[in-house]
Amino acid sequence: MNFVADFIEQNQAVLSLLILAAIFVGFLMERFPATVIAILGACTYLALGILDAEAMYSVFSNSAPIVIGAMFVLSGALIRTGVIQRVADAIMARAERHPRLAIVEVLVGALVASAFLNNTPVVVVLVPIMMKLAEVTGVSAKKLLMPLSIVAVLGGTLTLIGTSTNLVVDGIVRQSGMERFGIFEITPIGLVTATSGMIGLALMWWLLPSDKPVRGPAGTSDAHLYLTELLIDEGDALVGSHIDLFGDLPRSGRIVGVRRGASTTHGADLEDWVFSAGDRLVVRVDGATLMTWREQGRFRLGIGGADPAEGDVVVETMVSSTHPAIGQRLIDIPFLQRIRARILGLERPAQEPGPDLASVRIRAADRLLVAAGPSEVDALRDNPHLIGADLAKVRAFRRSKAWIAVLCMFSVVALAALNVMPIGVAAIIAIGVILVTRCIDSEEAWGTIDGDVLILIFAMLAVGLALENSGAVAMMVGWVQPMLDGAPMWVLVFGIYFFALILSELLSNNAVAALMTPVTLAIAAELGVDPRPLVIALMIGASACFATPIGYQTNTIVYAAGDYRFVDFVRIGVPLNIITGVATCAAISLFLT
């Protein structure tokens, strides 16, 4: 045992590099999730004694994951209060008048929004808008979705909070004793990156694919719209009004028809429709809007004999393939006759059920939103022909709280920019405000946090610390120092930028940031140069990667949505990597060194 312990102690640096190589191989093989590989690597360092428990605990004092989690929650509050949907509706309203101009506005909007918000939900929200714009303008959606991801990535380089990668680097830098980065400190360089990227994208527009039809991905089109009915009661303001005056429908929804008595009218026959008391307006709408209508209580929604009662909850359940009512009309489903429940809406991905909610023929895998009391929910859960009866994940918008969510986000940015307080402190205070004011419920807030991202960051911070403590970082610096001695600063900037870029195309951006930051700081210290320009090169190089669909999460989203091929990203991304890389490194070399 003493021999083994002595061997490990004497060869810590080499063993650390071997473990790091194994981690890289694990990332590339993708046999296990990246978080599993990273945790296994960190545990290996712990088990061998290369990383002790005290050093491991110090990883959790890094503020970067806390800030990243806080920004997830703040972005979630903007979604929950309907801010994001209102922006999307405004874009679609302009698209109807100036569709091609709207494309430019969406791309610029994504660029700006991604500078302050997590760009993943930004892209998720804007993908269906781009799909609609493609339909309106006749431009292939393939020419719009990849640019959407690219500008979202470029937007992340504009501020310190634009990407989690920037925050990871900043956290390690501060722990090393360097002065923390200001929220807009990298903005001048980020503007060069973004501008060069946009120009490069415009020049290569003709290279964007457009030869294949695009399928709408789950969650980007009608796949998450519910078919429902709204009863127009006597005395409602809509009675006697033209159908065009129904203004409660978001741009993502649409009117399917109107049921009057036993007949349903739809299509061109609705052009001159005037509402009467008792009409049932049949619409397809997103779950959040449907729940908002239910909470407002203006319309009686869905079908069934039960009136809303105090204590009712909304659950989501799926029709199993063994359900005896498959093929029957929804209004005839047995549990509506047996228990006090009301079907609020039906979702059928990639299909358009109809002509109205009551007449829909039930199919396996149909998802139902059902309002019922606690005992009725228990009955639904006991039904062997229904899969699950869990509380619905869709929630009503809290539009009255929108100003609070916007003010909190603005305050975080302003307080950090003016150096009034660290961004982590400002973000945590903002979370407290949005929770107390109920912009978002606590369980929803924690649900917005991408746990995999935070776990990966913590694990890779531990790996980076192990490399530093074991002497592996010093060993790597010793290898490259002879080649870099006497080299001008621009060579260092270019080298670090493109090395980070290449690694980030293959591995997680955050993992690359956590590993390369200690190495970058050590190189700067050994060569006696200012580390700050090199750190900025690392930040942007690890983020601005476009050449693979796995290089960045937003690339992966549009890769599936646009039915792209891997080579499509290579054809656009490699030249764009070179254009933005050269422009960024030149700007850093000219203005910061």
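Here the Cβ of each residue, glycine as well, is placed from N, Cα and C on the backbone.
As written in TrEMBL, here are the features:
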- 215-299: domain 'RCK C-terminal' (DOMAIN)
- 301-386: domain 'RCK C-terminal' (DOMAIN)
- 12-29: transmembrane segment (TRANSMEM)
- 36-53: transmembrane segment (TRANSMEM)
- 59-79: transmembrane segment (TRANSMEM)
- 100-117: transmembrane segment (TRANSMEM)
- 148-169: transmembrane segment (TRANSMEM)
- 189-208: transmembrane segment (TRANSMEM)
- 402-435: transmembrane segment (TRANSMEM)
- 455-480: transmembrane segment (TRANSMEM)
- 487-504: transmembrane segment (TRANSMEM)
- 534-552: transmembrane segment (TRANSMEM)
- 572-592: transmembrane segment (TRANSMEM)
When the pLDDT values for the domain 'RCK C-terminal' (301-386) are averaged, what is the result?
79
Do at least three CB pairs under 8 A connect the transmembrane segment (455-480) and the transmembrane segment (36-53), leaving out pairs fewer than 6 apart in sequence?
yes
Looking at the stretches 148-169, 455-480, 572-592, which one shares the most CB pairs under 8 Å with the transmembrane segment (12-29)?
455-480
By DSSP, how many residues in the domain 'RCK C-terminal' (215-299) are helix, how many strand, and how many coil?
20 helix, 27 strand, 38 coil
Can you name the far-off residues of the same chain, 6+ from the ends of the transmembrane segment (402-435), with a Cβ under 8 Å from a Cβ of it?
63, 66-67, 70-71, 73-74, 77-78, 80-83, 86, 116-117, 159-161, 180, 182-184, 442, 445
Can you find at least 3 Cβ pairs under 8 Å between the transmembrane segment (572-592) and the transmembrane segment (455-480), where each pair is 6 or more residues apart in sequence?
no
I'm a bit unsure how to read this: which one of 59-79, 189-208, 455-480, 534-552 has the highest number of Cβ pairs shorter than 8 Å with the transmembrane segment (148-169)?
534-552
Under the DSSP assignment, what numbers of helix, strand and coil residues are found in the domain 'RCK C-terminal' (301-386)?
17 helix, 25 strand, 44 coil
